[in-house]
Amino acid sequence: MAQRVGAGDGPLNTPAWLRWMWVVPAVFLVALLGVPITTVLQRSFDVGNSFEIAPQLSIAFSAAGQALLSTFLAVCIGLPIAGVLSTYSFKGRALTQAIITVPFVLPTVVIALAFRELLGSILVPGLLLVVIAHTYINLAVIVRIVGATWQQLDPRTVIVARSLGASPFRAFMTVTFPQLRASLASAASVVFIFCFTSLGVVLVLGDSSTRTLESQILRETSLLLDFPTAAITAILQLAMVSFVLLLGARASLKRTAKGAILRFSSLSPWASPSQRRYVLFIATTACLIVLIPLLSLAYGSLHSSQGWTLEWWSSLTSVDSGTTRLGSPLGAIATSFKYALITGVIAGTVGACAAVGVLTHRLGRAVALIALAPLGVSAATLGLGLMLAFGRPPLDLRGSDLLLPIAHSIVAVPLVIAVVLPTLLTTDRRFAIAASSLGASLTRAFLTAYGPILRIVMIAAAGLAACVSLGEFGAASFLTRSGAPTVPVQIIRLLQRPGEQSFGVACALAMVLVLGTIALVAAIDALGNRKRTR
Amino acid sequence: MPSVLSKICLTIAVSSSLLLAACGSSQQAAGPATVTLLTHDSFVVSQALIDQLKTETGITLKITTAGDAGAMVAGAVLASGAPSADAMFGIDNTLLTKAVDARVFSPYTSKNLDSVIPALQKDTGDGVVTPIDYGDVCINIDDAWFAKNKLAKPTSLDQLVDPAYKDLLVVEDPATSSPGLAFMLATIAKYGDQWTKYWDKLNQNGVKVSGSWTDAYESAFSSTGGTYPLVVSYATSPPAEIVYAENPKPTKPTTSVLTDGCYRQVEFAGVLRGTQNEQAAQQVVDWLLSEGVQADVPLSMFVFPARTNTPLPEVFTKFAAKVPRPSQLPASGVNANLKKWLSEWGQVMGR
């Protein structure tokens, strides 16, 4: 489609304060990512300078194949779900959307355990089991990132295409898909990277063929204490991930052909009986896919060798009280939700500033791209780097409630950007130009065009960030910390000791995480929808 | 729509005030009588003992955790000389050499070192750490399974390559699991140069490899619902099965321990080089070896106290396996050969 006047690639004509938005993520990245990573890499080469690289390359190659397969499956299954959730309004839509998000948020070790319980007797650990688990975990990424854009599309374009005789599939391919390409590229590259750098899943469900660079870094760091090799592996991983990000960015920053977008499509209530069946089928299947593996956790939390029991749930308040396990599992729940809230605020703000920066300043694009880098930074490297930079005198943040949310925010910011940016880019900037030509101030014009959408996607993105915080374990496990442990840490601790009680309470805690996530996501979605209809 | 603007400003204000608050609180925390103890996630001690330390010495103990023992030591090595804490507990004999070589510790052994059982007294990394507790990694047996299938329980590692015991053992990957590593070291200590041949035979006899202890013990072990009646775990897992059971607690465990081919893990504490609280940190190392903490160690962490004549709880004296001759390899040898051994193990097992 020919480029329209005013739909070009250059920065928008915007007020000065908006043009400086890119500074927020830039400062965040330099201070909280750049400093720790350079510190840890520098220290790693201080303690030694011999390393090997050949085995890493072959691991990188096989991990890329595994990630490609996982991503393909996640897109195939995720796309229809995203479509149903973002184009139809139906009873239980919010709940379905919340349920889909759960696997992404649970600690991977818990998911791996659930899968072992479910499929362990049918499948041996290996590529297939890893790919299934990765697809399961990353469905949410496809559904939420693509869904965020899909909701903004004008449903009338599809209706027009259908009324002109296009089949539903053809209407999708010619009308909807081109408009989704940006966010799909963004989502798929994120999923690829998650699978490429996966750790917990490959440790529990994998074999020698499913090693990742991340699992190799963990082995070199905390088992062999071979820091130079770990550092080289970490750099290799970052380089490969950056390459994928560049590819994804090329695809997603390319301006997609736009129709005249009505910014808030109200979800069309399901109309024909066949559509009704389709929606029902997809939504039910999606919920079943997500919930069935989790049932083994629910069963574990309510069952013992003696039969059904409520003891694990009732001992949530009392297990390990009076010891340095720092309070009851209930305390861990409070800690986790507090950190999730702080992470949502920090990551939501930084990520949204980065996305707005892309629109408003030449440098914004580079900054947003670099802000995706944490996807490729090894959890071990990040955790150790934060500890070296901010976990000891002179700057010791461990006592505050900030170090862990900072680590979680670094991990979550790329996701926030991945949600917010494609939506902003698909928004028609002619609204701003029109408003401005009608005499609105520059600030007013920008907010007219982007404000409402920004508000919706920011809430969604901050919610996703909060969920990441709820489930994050990788970097957190390397980060020295004091004070109450988070729920994932507590679950892992319980799982690492024998006894029915340990397993039962761990399952109960995992269920709390599941229910908490569903509640959090449903609440955020409800907030977004309320804003939308106002 | 100015409300968006005001909200963005509000969020920025909130986050920056959080940051300021954080800087403020970190300055207050640095009192002279506060000792920060760096430890792993499995560390547990009764709160009463920490309170007692405060009343007796005035020291406020702050505990920071840093993942598993490996992650903790990795952090300590990188921060060597400018530590993130004053003292460290929980480094074991497989990791000790690396930390000593990196000069993580300041020279100090507890003044009560002579109260430690003689076998452990010499383990001080040349005068920088004090042994606090020990435990053995052993194969656990599901007694009920062997009774039901009318098969004699194995009594030695040799028997495990016997076809009669085919498809019965689950072990952890030594590259990703601490008990898995200890078991591999036990086979090296026992079979010497022939150890890879032993693993080759184990492999042919259907040994299953899990990625983690949790996966092996909580899902593959027949006692917890899996199909493998033999699992690499700890000599103290049977008493832990009782302590962490459903109420009312059972009177005896349903699992037992194969006391051949056990590997001894010793956990140490030391003062971190570069601490500003050298003396107080030394007192904390002494406290870890004190009668009170040592008596607390069994039921908190399911390991044996290093101090002689420490009374053991009944569940330990009754059900924890006493291993007559546990294996141990010299720490320096483990350090020098670990990488080679792991890759040899990987080749044999196809992992």
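Placed from the backbone N, Cα and C atoms, the Cβ positions cover glycine too.
Listed features, source TrEMBL:
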- A:60-248: domain 'ABC transmembrane type-1' (DOMAIN)
- A:333-524: domain 'ABC transmembrane type-1' (DOMAIN)
- A:20-41: transmembrane segment (TRANSMEM)
- A:53-82: transmembrane segment (TRANSMEM)
- A:94-115: transmembrane segment (TRANSMEM)
- A:122-147: transmembrane segment (TRANSMEM)
- A:184-205: transmembrane segment (TRANSMEM)
- A:225-248: transmembrane segment (TRANSMEM)
- A:278-302: transmembrane segment (TRANSMEM)
- A:339-359: transmembrane segment (TRANSMEM)
- A:366-390: transmembrane segment (TRANSMEM)
- A:402-425: transmembrane segment (TRANSMEM)
- A:446-471: transmembrane segment (TRANSMEM)
- A:503-524: transmembrane segment (TRANSMEM)
Notebook entry, point to check: Mind checking which residues reach the transmembrane segment (A:53-82)? Cβ under 8 Å, same chain, six or more beyond either end.
Noted result: 100, 127, 130-131, 134-135, 138-139, 141-144, 146-147, 150, 184, 187-188, 191-193, 195-196, 198, 209-213, 216, 232-233, 236-237, 240, 282-283, 286, 289
Check: Of the listed stretches A:94-115, A:184-205, A:402-425, which one has the most C-beta pairs under 8 A with the transmembrane segment (A:503-524)?
Finding: A:94-115
Item checked: Selected stretch (most C-beta pairs under 8 A with the transmembrane segment (A:225-248)) from A:20-41, A:122-147, A:278-302, A:339-359, A:366-390 -> A:366-390
Notebook entry, point to check: Do the transmembrane segment (A:402-425) and the transmembrane segment (A:20-41) share at least 3 Cβ pairs closer than 8 Å, excluding pairs fewer than 6 residues apart in sequence?
Noted result: yes
Note to self: Is the transmembrane segment (A:366-390) in contact with the transmembrane segment (A:339-359), using at least 3 Cβ pairs under 8 Å (sequence separation of 6 or more) as the test?
What the structure shows: yes
Next item on the list: Return the stretch with the most CB pairs under 8 A relative to the transmembrane segment (A:278-302), choosing among A:20-41, A:94-115, A:446-471.
Entry: A:94-115
Notebook entry, point to check: At least three Cβ pairs under 8 Å linking the transmembrane segment (A:20-41) and the transmembrane segment (A:184-205), pairs spaced 6 or more in sequence?
Noted result: no
Item checked: Stretch with greatest number of CB pairs under 8 Å, the transmembrane segment (A:366-390) reference, A:122-147, A:184-205, A:446-471 candidates -> A:184-205
